[in-house]
Amino acid sequence: MGRAPCSLHRRGEPLVSRMALVGLPGAGKSTVAKLLARRLGCSSADVDSEIERMAGRSVPEIFDEEGEERFRDLESRALAEAMERSEPIVLSCGGGILGRASNRELLKAHARVVWLKVDPAKAAERLRTPGEVVRPLLRGGPLEERLGTLLEARREGYESAAEAGVDTDGCTPEQVADRIAMILAGTRGPWGRSAS
């Protein structure tokens, strides 16, 4: 069975060829972006990977050597470049990308934004997987506590930018991708409620 072409449109609005996944570290954004892109027949990109490509260093190295502000500048640049791409794309955004108003506005204007919701305890469990790199903003305290603090600090940005939210707790990445595809197809309304 062939894949349907990437179809990222808003009901009654012009075609939007970009989808952005946002949420806490450990929500599954990178994995779900790849699965969803494959399902939709389009490409995917990870903003953190693009930052590393541009800087020639890892995200932790950028934080350690140049600080968070420099990382956020690179993040904004990587996002702007992704929004300029002409081909359809599913973008995995870093958890703090919505901290800058300019990034929020760019995403809201040029992409369908979906918040992958995750309980901090579940995110901590996922991030403790062997081989997972500890994110710079999660250093210096109990992981679950740091994630809870980040969620409270970022919740308003997620809620204001995202047109839909998908709970990821207890779901496989494939199930999350299926839920997002249902939202795209219009069978589910914003925030995971049945469309009326």
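The chain as shown is numbered from 1 upward.
Note that Cβ sites are derived from N, Cα and C of the backbone, with glycine treated the same way.
Caution: TrEMBL annotation is automatic and unverified by curators.
Listed in sequence order, Pro173 are the same-chain residues six or more apart from Thr31 (ATP binding site) with CB atoms under 8 A from its CB. Look at TrEMBL and you will find Gly26, Ala27, Gly28, Lys29, Ser30, Thr31, Arg135 tagged as ATP binding site.
Ser30 (ATP binding site) falls within a helical segment according to DSSP. Residues or ranges marked as Mg(2+) binding site in TrEMBL: Ser30.
When Cβ atoms from all protein chains are considered, those within 10 Å of Arg72 (substrate binding site) total 17, not counting its own. What TrEMBL lists as substrate binding site is Asp48, Arg72, Gly95, Arg154.
If you measure from the Cα atom of Gly26 (ATP binding site) to that of Asp48 (substrate binding site), you get 14 Å. All protein chains considered, the CB of Arg135 (ATP binding site) has 22 other CB atoms within 10 Å. Of all Cβ atoms in the shown protein chains, 26 besides its own fall within 10 Å of the Cβ of Gly26 (ATP binding site).
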